[in-house]
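Presented below is the structure to which this report refers.
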Amino acid sequence: MTASSGGYQGWERRNNNIPETVGILFLQVRAVSSGKKAAQCRETAPTAGLSESSRPRLFAMDYSKGSKKRKAITKDVDEDPSVVSGDEYDLEALDRNDSDSSADASDSEIELIGDFSSDDGEDDDGEDDDELDSDEVPSDTEPFARVKSGNIATGLDGSLDGESNDLSDDNEPNYRIEKDANGNDRYIYPEINPDDNSEYSEVDEEANTIGDIPLSFYDQYPHIGYNINGKKILRPAKGQALDALLDSIEIPKGWTGLTDPSTGKPLQLSQEELELLRKVQMNEITQDGYDPYQPTIEYFTSKQEIMPLSAAPEPKRRFIPSKHEAKRVMKIVKAIREGRILPYKPPEEEDATQEGIQTYDLWADESPRPDHPMNIPAPKLPPPGYEESYHPPPEYLPDKKEKEEWENQDEEDREREYLPTDYSTLRKVPGYERFVKEKFERCLDLYLAPRVRRSKLNIDPESLLPKLPSPEELKPFPTTCATLFRGHRGRVRSLAIDPTGVWLASGGDDGTVRVWELLTGRQLWSVKLSDEDAVNVVRWRPGKEAVVLAASVGDSIYLAVPDVVNLELEAASLEVIDAGWGYATSTGTSTTKKTSPVQWTRPASSLADSGVYAVIPLGYIAKSISWHRRGDYFVTVCPGTSTPASVAIAIHTLSKHLTQYPFRRRLKGGGSPQVAHFHPSKPILFVANQRSIRAYDLSRQTLVKILRPGARWISSFDIHPTSSSTSGGDNLIVGSYDRRLLWHDVDLSDRPYKTLRYHQKAIRAVKYHPHYPLFADTSDDGSLQIFHGSVTGDLLSNANIVPLKVLKGHKVTGDLGVLDLDWHPREAWCVSAGADGTCRLWM
């Protein structure tokens, strides 16, 4: 009803001089049209048993002589008790008749011509003087006929009250039967509110039915719209200033201070609406019974499964054709053979001659021609930028000063031919005034400007990358964990493989030094050196003629001969250590000036029984031990901040039990010393502090070179073990706590040749393999990384570095991962010590 009423209001504004009675009649006719479409949706209706000639046609209103009573067009219909409607439909507004309107039927005639809602579009001019029932809606197949007021029957004896029946009892029918003016039965149904989902809701007769038409269109009228019966809704009277003040003082419940735009009256809120607003204001849930904390159902787990859920073999039905599908295909084939299914249906050709349209092929007589050999395609326009947007970013918009400067410039001097402009929406963008000129200039450029073909360099990006060999070609290198060594309590700080490659020595936080069989992981020997201090470093003496193990525990260095060798080798090892005691006795009685600042002592009887034969008390904690290649010297470094610079680096002579401090002053720049190593073939000592590495010639007692890796804090370094006079010792690898692995070519520069950043945490140790072109590093992220690093004697070629493998197995404990590693002297094996208290052999 809203749409029909709204349409009439626009019609009323265009025809202000049309009488109001005609407007109301127009509304009633539109109501019949909309009611007919609603009747189509009903499954059963009271008119189902009537003949086609006795179905209702139309009703009309007689407004002659000031009468505004509706008359019903009816026809005598026999009562059919079998026709009962189970649906509810509102025809009360269409069937309401006044009983006293029959007397005025002959005074005036109202003729309605046209079909408002029929589908056939034909006028039934031949049928006249047919009486229509006043309570039914015409069917879809019957158009409205011309109805004259002379044939309109009188109305009802009594008017309807317009109230809905009480349908609380399910057994009662949803209609009531009354007698019309001709004595026939009329089925009266309760009205249905079209704005409500329920069919039993009451109709608000005072509701405004103007729809979406603004109320401003009614400013010049005394009314603000029409109700469902077509009557005007008068504009409510507005209170004065005093009434508004009293209303603001005495605020009723549900008062909002707003005006309802559809009625013009104050807008009142119901209790449910107030409760809804309160919940929204308090940030509560508006829906009753809604639980925001329902338990979540995890459809997927957070654990990534590596193995399949089911390893069952594939069933046989996966590999054989389906019999069911074969039957369906044969059905289709049979239908195609019988002609019931056409595999291809040719499209129907349109006969253009019948429609009077002549068509022809524009390119029928032309064949494609190849482009000219010197043809150059037209250059494409550059893509638009942000400044050409209708809503560009603020930084692209010019200010007043920039706009004035742009306007004062000549067109040739302007950087661009337009100014960026901001519009809120795309529909507000006007036409571009320079559109035609820009297209004209583009056409001039296309056919007047000469084109030049420029050759571009087609370079494959992969060709710029260095060609590295495949890791499969660089085998052997360690890939898997072969042996696990368990026994230490706490972290394993250091380990070392003896020169024969049979035994593995390790030291940890529990103050013990343990010797293992490398291949089996069986513990062969152990000694408890301290109950409080940890074993920081363990290193084997190079050479196979004697077996001597040096260990740093606390502020002392212990020299031991493990009870794992035969008697001859054990006697030779004891002779190497005991040779120094005789030298110390002879020098004590002589007048020589060479005296050791540190006195070597014999251990306690308990340690001597365990295999410890000498103790060197340094006074400070040594974190690094490195042997000379001949096995008679080893250097120790005490990197503590409290250690004096003069005693931080010490060189010890095993055959003389002599300790010397070569550096009397702290190294310039770079902080305290960290690690020291002897050159594998030359009398050069490399000393690394926090930021630099210095090379000293021990024979000449001079500084040879200073390397600057660029790291913040050097943790370890190693020298390439090749004995070639051209390449031996010329390359170093440096590990730092800032996660960088650096390769130094000493002859090339004092800066690193390569910097590798593959670890996520600090690098603890780096090590070259004695014979294979391999090196590795360990990190606190719990991984070892194996690299291939080949060095040649050709000065024109650089080192070739290839990443090979990442080994993971140690657990990160206390933010510490893998603390130390060592290589097997002959095989491509390595061992690692972790903070998780284990050692691992990688093969």
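A Cβ is built for glycine as well, from the same backbone N, Cα and C atoms used for every other residue.
Here Swiss-Prot flags 77-92 (among others) as compositional bias 'Acidic residues'.
Swiss-Prot lists 106-139 (among others) with the feature compositional bias 'Acidic residues'.
The annotation compositional bias 'Acidic residues' is assigned in Swiss-Prot to 163-172 (among others).
Taking DSSP states H, G and I as helix and E and B as strand, the compositional bias 'Basic and acidic residues' (173-183) has 0 helix, 4 strand, 7 coil. As annotated by Swiss-Prot, compositional bias 'Basic and acidic residues' applies to 173-183 (among others).
The feature compositional bias 'Pro residues' is assigned by Swiss-Prot to 379-396.
Sequence-distant neighbours of the compositional bias 'Basic and acidic residues' (397-406) (same chain, 6+ residues past either end, Cβ-Cβ under 8 Å): 414, 419-422. Per Swiss-Prot, compositional bias 'Basic and acidic residues' is recorded for 397-406 (among others).
Marked as repeat 'WD 4' by Swiss-Prot: 709-754.
The helix, strand and coil residue counts that DSSP assigns across the repeat 'WD 5' (758-797) are 0 helix, 20 strand, 20 coil. Residues annotated as repeat 'WD 5' in Swiss-Prot: 758-797.
Confidence in the repeat 'WD 6' (813-843), given as mean pLDDT, stands at 94. Positions annotated as repeat 'WD 6' by Swiss-Prot: 813-843.
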Tally of residues which DSSP labels helix, strand or coil - the repeat 'WD 4' (709-754): 0 helix, 18 strand, 28 coil
Chain residues outside the repeat 'WD 6' (813-843) and at least six past its termini with a C-beta under 8 angstroms from it: 476-486, 488-497, 499-501, 504, 506, 508, 516, 518-519, 521, 761, 764-765, 767-772, 774, 776-784, 786, 807
